[in-house]
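As recorded in Swiss-Prot, the features of this protein are as follows:
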{"type": "BINDING", "residues": "ASN89, THR139, LYS143, ARG261, HIS293, SER345", "note": "substrate binding site"}
{"type": "ACT_SITE", "residues": "LYS141", "note": "active site, proton acceptor"}
{"type": "BINDING", "residues": "LYS167, ASP169, GLU170", "note": "Mg(2+) binding site"}
{"type": "MOD_RES", "residues": "LYS167", "note": "N6-carboxylysine"}
{"type": "ACT_SITE", "residues": "HIS260", "note": "active site, proton acceptor"}
{"type": "SITE", "residues": "LYS300", "note": "site 'Transition state stabilizer'"}
Amino acid sequence: DILAAFRVTPQPGVPPEEAGAAVAAESSTGTWTTVWTDGLTSLDRYKGRCYGIEPVPGEEDQYIAYVAYPLDLFEEGSVTNMFTSIVGNVFGFKALRALRLEDLRIPPAYIKTFQGPPHGIQVERDKLNKYGRPLLGCTIKPKLGLSAKNYGRAVYECLRGGLDFTKDDENVNSQPFMRWRDRFLFCAEAINKAQAETGEIKGHYLNATAGTCEEMIKRAVFARGLGVPIVMHDYLTGGFTANTSLAHYCRDNGLLLHIHRAMHAVIDRQKNHGIHFRVLRKALRMSGGDHIHSGTVVGKLEGERDITLGFVDLLRDDFIEKDRSXGIYFTQDWVSLPGVIPVASGGIHVWHMPALTEIFGGDSVLQFGGGTLGHPWGNAPGAVANRVALEACVQARNEGRDLAVEGNEIIREASKWSPELAAACEVWKEIRFNFKAVDTLDPLKS
């Protein structure tokens, strides 16, 4: 069975047991009345079952309802069908004030019907010939308004300065100021030039997201013809069917696939209603993607440390034990489905490098947009500053130093022999994003 954990907030007067049973029925075989065609099938075989309810500590009138769904309810290899069944209609149920899907346990039998990520972590490392450290990226800014040639120039400067990747912003598709084909051509030229000068393999996340699946695949085909290593997709706005189609193309044609989570906070940010991002991540690993944006803990975007660490485990590891302290409701066995690299992006700069290296570890992408392009000396020096800071943190980690305790000292030491890093440290020394998180973990039962 697929197991689901729902956070249920019933309407006043509705018992939690009745609310849990209603969720199970409405998201499987049930309707609002008995119908004569019920007798033509075996409902016991197909109906969802609410097998447990527990109150949420510290919350009034909130409960976690556990529901089991028989596998025969779902089409093989279709995240679209899985979500249509489990969350497609029940969230508008009048008997509930609010409903949130907190977690799913996907059984190995169902996981085996999915291709998953086009390549996975180890294959990407081998393609790039880069090991033992996080990868460095940068989103080109301003995100909208640049011509294709100026955009390509910024890509070249960042890659030449020491970054591994640059990135299209999620809303860069094919607008009047910069059509996709022109952008792809100038970015490919920038990649080739930077590779020739540095001797390193470089990439730019060319956003293939489009209004139709056919147009999306056409853009991916063009990118492959240019010889670039990676393309990009906005998987929530583009949809799971489009994403799975692109992931299959990327595996068949040797392209890495970077995934942006644009629109996720509309779905996952409120604590009592929607779908938790850990569920959207599991769905992405099934649908297919080699990278996905994951918050930063320390940057400008929502994301508690323990919740984010739970996300990272679900993306990268083969087997994850149930751990309510990190928000993981079920033990998950991925049966060797390739892992996904988490991407830390959003309001980060060189002073964050030690914390990011410690939190995300080696198999990650640390992506500095404004933290590269906002350097007072230009794009290439901004890239140099980030590369020097990263190399210093990796060396300190390998020497056994505590990045959480000694992080600022490590950055100061490195800045003594890197004027680019020293300038970056001075510019961003006062930048903080100290806001209370909206989506937090529930207190554990005492």
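Heads up, the Cβ atoms here are built off N, Cα and C, so glycines get one too.
In this structure the residues listed as binding substrate are ASN89, THR139, LYS143, ARG261, HIS293, SER345; their two most distant Cα atoms lie 37 Å apart.
Measuring Cα to Cα from ARG261 (substrate binding site), the recorded positions that fall within 10 Å are GLU170, out of LYS141, LYS167, ASP169, GLU170. Across the fold, the C-alpha of LYS143 (substrate binding site) and the C-alpha of LYS167 (Mg(2+) binding site) stand 10 Å from each other. Excluding LYS167, ASP169, GLU170 themselves, the residues of that chain whose CB lies within 8 A of the CB mean position for the Mg(2+) site are, in sequence, THR139, ILE140, LYS143, ASP168, ASN171, VAL172, TYR205, ASN207, MET232, HIS260. LYS167 (Mg(2+) binding site) has its Cα within 10 Å of the Cα of these binding-site residues: THR139, taken from ASN89, THR139, HIS293, SER345. For the recorded positions ASN89, LYS141, HIS260, HIS293, SER345, a Cα to Cα distance of within 10 angstroms from GLU170 (Mg(2+) binding site) holds for HIS260. Neighbour counts of Cβ atoms within 10 Å were compared across the binding-site residues ASP169, GLU170; the minimum falls on ASP169.
Within 10 Å (C-alpha to C-alpha) of HIS260 (active site, proton acceptor) lie the following recorded positions from THR139, LYS141, ASP169: ASP169.
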